[in-house]
C-alpha cells in the first residue's frame, strides 16, 4: 500500500522477480481500459515482467464498487494460492483494502427511484442544501463528505431513506474478515516534499506522453461524461474541465497536480490511522534493502 507516486509498481515488479508472488492491482483507476497515461498504468514492458490482475477489466462507462473488488480479488487470490503461489496486492485505493481485509457492512443496493427523487430535490435546493440536510441526519458522514461531492451525498441520503439508518451506523457493522494470513507493508518517502516533487514531475511526464490526447479521445465518446466515476479520477476531471473551456490548460495542470497531492495526503492519513500492524518502507531506500526487509518478515510468517 502507499500514496500515489510512491514507487509501489517498481517494488511489486521487484518482488515478482524475487518471490513466488502474483500481483493483484488494488486501484480504482487502473481497472479502466483506455485510461493508461493519466492513471500511470504499468507499461507493457512492466506488465511482462510482473503481470497485474484486475487491470483493464472495465470500460470507462461502467461503475465498480468495493464489493465488486472484494469479490474479484478473493477469486484471484484463490486461483493464485491454488497454484502454490502468494497473492501480492499492490495499490493505493484504501477503501478497497478495507473492504478486502474487514469485509463489507450491509449497505443496501442502489434504488433508482430514490436516487431520482434526491436528484430532483437537488435541482430545487442545490447539492449544498442537500449537504446541510445530510449534516443534520448524519453529522459524521456530512463532515467527511465534501459539499460539492454530489455522488457521495446522494448515496449517503439514499442509504438513510432506504434503511432508516445512517451510513455511519451501517458501516460500523463489519462483514466477513479476510481468510488469509496478511502481511501489510506501506511505502512512501519520509520527506513529504519528495512525494510532492514526484507527483509534479510525473504529471508533466504524463502531459508529454499525450495525456491531453487521451482525455480528448474519451471526451469524444457520447456515452462518457464528467460525472462518471472514471472521469472523476484525479487528472482526468481537471483535463475535462479544460476541454470544456472552463479553465485554461495551465490551470488544469496546476489543479491536477494539487488534486493528486491531496489524494496522496488522504492516502497517507488513512495509512497512519490504520489500526492493523503495518511495516513502513521508505521509497528512497535502495530496492535491495526493501526486499530484504520484506523477505525477512515474510519468512518469519509464512513458508515460502
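Each Cβ is built from the backbone N, Cα and C atoms, and glycine gets one as well.
Looking at 23-26, 27-30, 31-34, the range tied to region 'Interaction with substrate tRNA' in Swiss-Prot is 27-30. Checked against Swiss-Prot, the range among 151-155, 156-160, 161-165 recorded as region 'Interaction with substrate tRNA' is 151-155.
Residues in the region 'Interaction with substrate tRNA' (232-237) partition by DSSP class (helix H, G, I; strand E, B; coil) as 2 helix, 0 strand, 4 coil. For the region 'Interaction with substrate tRNA' (265-272), the residues of the chain that approach it from at least six positions outside its boundaries are 1-4, 92, 94, 186, 188, 278, judged by C-beta separation under 8 angstroms.
A 10 Å radius around the C-alpha of residue 115 (site 'Interaction with substrate tRNA') takes in none of the recorded positions listed as 2, 3, 5, 6, 9, 93.
Cβ proximity to the ATP site centre (mean Cβ of 2, 3, 4, 5, 6, 7, 8, 9, cutoff 8 Å) flags the following additional same-chain residues: 92, 187, 188, 283.
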